[in-house]
Amino acid sequence: MTTIKTSNLGFPRIGLNREWKKTLEAYWKGNTDKETFLKELDGLFLSAVKTQLDQHIDIVPVSDFTHYDHVLDTAVSFNWIPKRFRSITDPVDTYFAIARGVKDAVSSEMTKWFNTNYHYIVPEYDESIEFRLTRNKQLDDYRRIKEEFGAETKPVIVGPYTFVTLAKGYEESEAKAIQKRLVPLYVQLLKELEAEGVKWVQIDEPALVTASSEDVRAAKELYESITKELSGLNVLLQTYFDSVDAYEELVSYPVQGIGLDFVHDKGRNLDQLKKHGFPKDKVLAAGVIDGRNIWKIDVEERLDAALDILSHADVEELWIQPSSSLLHVPVAKHPDEHLEKDLLNGLSYAKEKLAELGVLKEGLLSGKAAVSEQIEESKAALKALKAFATGANSAQKEELNQLTEKDFSRPASFEERLALQNESLGLPLLPTTTIGSFPQSAEVRSARQKWRKKDWTDEQYQAFINAETKRWVDIQEEIGLDVLVHGEFERTDMVEYFGEKLAGFAFTKYAWVQSYGSRCVRPPVIFGDVEFIEPMTVKDTVYAQSLTEKHMKGMLTGPVTILNWSFPRVDISRKEIAFQIGLALRKEVKALEDAGIQIIQVDEPALREGLPLKTQDWDEYLTWAAEAFRLTTSSVQNETQIHTHMCYSNFEDIVDTINDLDADVITIEHSRSHGGFLEYLKEHPYVKGLGLGVYDIHSPRVPATEEIYQIIDDALEVCPTDRFWVNPDCGLKTRQQEETVAALKNMVDAAKQARKKQAQLV
């Protein structure tokens, strides 16, 4: 008889009411002392674990909770401190300096955690690092929960293969040697856990799902070196986000358990299991509930899936768990949530997913009859959800069916458009602009709250937005920017704003998830067909344009980003959803152009993150992603300049797709790549308009004019001068006014210096 247990891989850190965010930001602002700060975070850690214990999860993780990022935790624990931060003596100050930067040292690079909306701090390797274990966080966390609750838990750590794969600063040929140098540190950490009596440790190796067979074999040697030093500690090797190609090699690792994702594996893990079986002496930790979406499960369907897995895995112990950490979904349904009943009842967040695991466990142990009530309840909830969504359906399918190839392409080539736009727009060499948003002060947030609480009328709120817009148009004029933006003060979030004005979206009040650091977002819920209702941005953009003789950019979020930053429905394909959004936005683009706006930016910062993890699956996604963008933008005249913006990406992977977007100008977050993309451009020139971000907007640090000038000068070594733009990395919403104005002044001054140099070269 197989023993069935429930397990979890990770839990949201932020708290039901974003207490984690508020605690961090109060400390960063100096409003909380260190002792109070650490005590408050400890309380949040305990609360997260207690929630899981209260849901009767058999195997609860610890050390997934962090003060900023779990990858950064691993780096700091192994003394991977970049040189520029080693003079800082306090460990907490060092930790946050790496994440956020300080006056004289830029922060470490931040990038997407695989193909999710979470960002991690990229570990930096250099030969001067003294490899040593500075802190055993896993042991500290295990002891803390044992002390507080008397509970046995499962410490979690990023594994050596994934950690080095995610790091930078070394040649590819050095990777295996660096991994081997980490082995003694893992052994030390794990032996300390073993001495404490820890029963299980979860070592996360998601990078193995994209690893070659050779690398999977090489990583096996790491685990042979690690586990041969252990005698009483059980190791669970955990993969997620996709299937493992070298399945037979992986399940032969010298560990006591293997975690596999049976949700996002496209059926491949299950096929491998059926073909090759699974070692009887190992625990199979099966991801059977989606850790990344927010929809209630069909209990019978998921129970059948778990039974199918069990029928092909002759194991003594099966753990059922989410497909990945629940970091990617909200904490729990909030008692004050305002959604329609049938929609709310069809949702399942982290806490609810743990309860669903309990139902599946009971069904596996006692049969379907034991959970018949829950089966019927889930079917009724999903039926009501479908009826609710169907009520919002539109005639958009007919519009999509009538699209032709002409609807996906501009009338003229880029070179022809460029000549017309240069004549029409009259911009200087190296034009300066920003990416869209400006700081949202406490006054802006307060005004929005007053309006939402009905303390202010629509007219009062619009008057405030207009005043703030005018103030920042004046500031931009004074700074000397060439192409202005209205500042987006009416928007809380670049996706939420559009979803609120399109049919087919629902918005929560409390369903927050972590994006990076203390930054939290509320992804929209796409429950029905997406449809344009009325112009969304025209009024505010036209007002801003009336305040200046300079060009004002229209600012939209692109269809792929809206899709990738939402919780999408699962009853139709992602491609179909993207095309629905693209068709709706196409009407907004046309409305802006008809209103006299000559530069329209359609942001796609999340285009790359939607890539499937396996390159064999890329072409299909990239093809329809580019098509959705062109569907949005191709209705405009040749004289209208289309911009797009991307951030946090390994752009080398998608340069062909960037070109296929056929945008006239693309602005790219660049400063945190520390010159990496420039190196790529030396070998692979980009011929359309390009703006490489010249300073990091995620840090309060104000870069000097000379520093920005040098970045521009370096870029012009490889980028065409007549189509290069100067801009910050991303929007400036989260920054303070003083630092924003100072940085932009320096940026404009640097651009002027660069123009002078270019004039001298002519």
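Backbone N, Cα and C define each Cβ position, glycine as well.
The active site, proton donor feature in Swiss-Prot is assigned to His698.
Summarising the environment of Arg18 (5-methyltetrahydropteroyltri-L-glutamate binding site), the number of other Cβ atoms within 10 Å of its Cβ, over all protein chains shown, is 17. Annotation source Swiss-Prot lists 5-methyltetrahydropteroyltri-L-glutamate binding site at Arg18, Glu19, Trp20, Lys21, Lys112, Arg519, Cys520, Trp565, Glu609.
Per Swiss-Prot, L-homocysteine binding site is recorded for Ile435, Gly436, Ser437, Glu488, Asp603, and the stated evidence type is sequence analysis. DSSP assigns Ser437 (L-homocysteine binding site) to a strand segment in the three-state reduction. Sequence-distant neighbours of Ser437 (L-homocysteine binding site) (same chain, six or more apart, CB under 8 Å from its CB) are Val485, Gly487, Glu488, Arg491, Met494, Gly731, Leu732, Lys733, listed in sequence order.
Spatially close to Ile435 (L-homocysteine binding site) yet at least six residues away along the chain are Val485, Asp603, His645, Thr667, Asn727, Pro728, Asp729, Cys730, Gly731, Leu732, judged by Cβ distances under 8 angstroms. Taken from Swiss-Prot, the feature L-methionine binding site covers Ile435, Gly436, Ser437, Glu488, Asp603.
Taking the Cβ of Glu669 (Zn(2+) binding site) as centre and 10 Å as the limit, one finds 26 other Cβ atoms among all the protein chains shown. Feature annotation from Swiss-Prot assigns Zn(2+) binding site to His645, Cys647, Glu669, Cys730.
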Consider the recorded positions Gly436, Cys647, Glu669, His698 and say which one has the Cα lying nearest the Cα of Cys520 (5-methyltetrahydropteroyltri-L-glutamate binding site).
His698
Have a look at the recorded positions Gly436, Cys647, Glu669, His698 and say which one has the shortest Cα distance to Glu609 (5-methyltetrahydropteroyltri-L-glutamate binding site).
Cys647
Please state whether DSSP places Trp20 (5-methyltetrahydropteroyltri-L-glutamate binding site) in a helix, a strand or coil.
helix
Local backbone state of Glu609 (5-methyltetrahydropteroyltri-L-glutamate binding site), from DSSP in three classes:
helix
Going by Cα-Cα distance, which of the recorded positions (Arg18, Gly436, His698) sits nearest to Glu669 (Zn(2+) binding site)?
His698
Note the Cβ centroid of Ile435, Gly436, Ser437, Glu488, Asp603, the recorded L-homocysteine site, then list each other residue of that chain whose Cβ lies within 8 Å of it, in sequence.
Thr434, Val485, Met494, Met555, Gln601, His645, Cys730, Gly731, Lys733
To the nearest Å, how far is the Cα of His698 (active site, proton donor) from the Cα of Cys647 (Zn(2+) binding site)?
12
